[in-house]
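Participant: Got these off TrEMBL a minute ago, pasting:
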ACT_SITE  193  active site, nucleophile
ACT_SITE  218  active site, proton donor
DOMAIN    26-354  domain 'Glycosyl hydrolase family 13 catalytic'
DOMAIN    355-413  domain 'Alpha-amylase C-terminal beta-sheet'
């Protein structure tokens, strides 16, 4: 387990040489949705790079760039082929070059929990990788998913061959591939898909070896429910995410699924949920904010998959919360580019306020109100915000209204 960071942060964390994590001023854009592969995606994004940079995003998470059995990219096969349903290698490199010019870091979606075989091997399953780079045999596949390797060190991603990260040659090949993505292709940041599938120590090894600037892991499991009702206390849920981050030596952040789960119930008239018994934010953000990537929706939870969507009438309140709070906020492509100019501009306004008031991942927070229809907080010493139906404003003439909209307002001084 190593150190645990419940209730405090780590300004002098020696295992995190990353200037970026210490700086805490990252703002991410998830630059795709579940249908993006149908829309000449690398070219589409190239037209938006200037706007992405101007809006203040430091990093844009791109969909999996390599050849995949499924068009969305999440069933990888030939990892060294950069021709995918999103576009050609040439188009991808043109996009990455433009992002570099505008100082937006490209984030690669790293899918290394599983890999689709090219030929049938042990048990008649497609668990051999003949005829492509990284030509592994069945020993590279976990015994739990039909291979001849060792038992998985995490949860199974069912129905496909799961990679056995205990094998030295497998890890060596994966690290070489990550180094290639980083040093030759030009991806500066990594997003690790389905990190529940293999031990966090392997993610740590890959990060230490490939040295990306910024990393985030997808540790997604269910929140705590009583029947269909979300429980108030989600400490065991956020502890599992914290344990994974801790297992990477604090070198990676993680998506704050706890905050998403609580926030999307809270905005429906249960804003009391947004203060935990210690008076802190109730998600990962409340325990280890410099490693918590907050978000409203992604390609799985929202988009056309809609596995766990944020209530659509409350999305802007959600952004008013995460964009004014500690943690590292992430904005979803659909909300930013598909929901109309008014929505885009409201988010940009919130991003500008975050920057002008120097809110960062470790900013102090004082929760002032948390009752059914009102939540308010002071973040740092120069920003106050509220969401919910009730009227509220900070006391004192020095506070000026900076922006407001449907059920939210932000003041600065």
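Keep in mind that glycine also has a Cβ here, set from the backbone N, Cα and C atoms.
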Participant: Quick one: pull the CA-CA distance for the residue listed as 'active site, nucleophile' versus the residue listed as 'active site, proton donor', whole Å only.
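Facilitator: Rounded to the nearest whole number, the Cα-Cα distance is 5 Å.
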Participant: Can you check which residues sit near the residue listed as 'active site, proton donor', meaning Cβ under 8 Å from its Cβ, same chain, 6 or more apart in sequence, and list them in order?
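Facilitator: Expected: 191, 192, 193, 194, 195, 254, 255.
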Participant: Starting from the Cβ of the residue listed as 'active site, nucleophile', draw a 10 Å sphere and report how many other Cβ atoms land inside it.
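Facilitator: So the number of other Cβ atoms within 10 Å of the residue listed as 'active site, nucleophile' is 20.
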